[in-house]
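One structure is given below, encoded as structure tokens.
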């Protein structure tokens, strides 16, 4: 008996070491990729060799860690879905013994833990540390800045604690719930993370419908459009004349007229950008122009339609079946049963839709007017803006598994602290979320595809000068064959 117990303890020890090693390797890969992404956008002028350089370097490492955690949260649900199907297809395969339910649960718990750590500790520390200068009367240096940062973190923690305590008292005025807030680790942090997750899901509810409609415009800018009734040579000739005219104006203006010089330089940059796009269209092959663009647009339309249909079916499931609720469904464990009706094909479709939703939500997030200034620029993004982007992406990525399960995109149960959110058990909140997502997505798509018709109607009624349907994001100006600007 003792030998069996020792053997069991050894097996448990080796399995835990193997799981931690796999988690470390996965996170190391995500960290390296995140580091290259951030250094691509980080402003090079911030690289000094002084005290500020050390502060920037520490903030860079913390932001990289946060971005890696965000990438892990995004990949968490797809990895779990594909792991479940692999375990079902090859239950006795020796080479996938490392892939088990314990590893999946561990990844979910680590994602929840690191998300809390980044959101409530690392990112506030990085921001305050970057903005700190040290208290007056103390010797300037790293220690003074760390002391000021720690004091600011303590004050921020007290402020958030008071806000959550008052909110809990207003929402649920119960003595038991009030006393449970004193339990910092078991209740307070999960409750606070539940509130952050709810705000993230509401932000996704705002960003994703906008992003689903904007994806058509973004892909249209990245791909080469078909040249139907267009003369690219004539457009190139017109653009070249405009560039030469602006260049002559710049050469003729004296250096004292700075305002006119700046405006002409901006106009010249726009003309050069248009010229580059036209040269790219001319060099593109006929297959790329006439096949790739329509195929990608049709694929986007199919994915968007499937997403809306799945949400509509989920609304019906919520009305007739309690197991459709994202919390407390009690589904089968990892590797016991397929969670998709169509098996491996259905699981692959779910993964594609999940990635499509996260890309659309990021596009929609940066398309909102309030977050326009958050858009990172290559080699010209300050560390403060990088921290803001990392926090925003972390909130969106942490709410992605919850949104996917709430909308019925997947039937995979939320594991770890993700399934402990109180609001997931509220039928009215979940139903309202699904209804709002379906309605807002439909309205955004209808507005997108009927914009040309509305513009023509406004022109026919003589209301085009009022700019009632003017959307600068979706409009593209391009020279027509006769040299005039034409808005699509």
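Every residue gets a Cβ built from N, Cα and C, even glycine.
A TrEMBL annotation is a machine prediction, not a hand-curated record.
These come from TrEMBL:
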- 254-281: coiled coil (COILED)
- 20-38: transmembrane segment (TRANSMEM)
- 58-82: transmembrane segment (TRANSMEM)
- 102-130: transmembrane segment (TRANSMEM)
- 150-171: transmembrane segment (TRANSMEM)
- 191-212: transmembrane segment (TRANSMEM)
- 291-319: transmembrane segment (TRANSMEM)
- 339-366: transmembrane segment (TRANSMEM)
- 386-403: transmembrane segment (TRANSMEM)
- 423-446: transmembrane segment (TRANSMEM)
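Among the recorded stretches 58-82, 102-130, 191-212, 339-366, 386-403, the one sharing the largest number of Cβ pairs closer than 8 Å with the transmembrane segment (291-319) is 339-366.
Beyond its flanks by at least six residues, the transmembrane segment (102-130) meets 15, 19, 22-23, 55-56, 58-59, 62-63, 65-66, 69, 72-73, 76, 79-80, 83, 145-146, 148-149, 152-153, 156-157, 160, 189, 192-193, 196, 334, 383-384, 387, 390-391, 394-395, 398, 415-418 of its own chain at Cβ-Cβ distances under 8 Å. A Cβ distance under 8 Å defines the sequence-distant neighbours of the transmembrane segment (58-82), meaning residues of its chain 6+ beyond its ends; these are 26-27, 30-31, 33-35, 37-39, 42, 104, 107-108, 110-111, 114-115, 118, 122-123, 125-127, 129-130, 334, 339, 347, 350-351, 354-355, 358, 383, 386-387, 390-391, 393-394, 396-398, 400-401, 404, 410, 412, 415. Of the Cβ pairs linking the transmembrane segment (423-446) with the transmembrane segment (339-366) and spaced 6 or more residues apart, fewer than 3 are under 8 Å, so the two regions do not touch.
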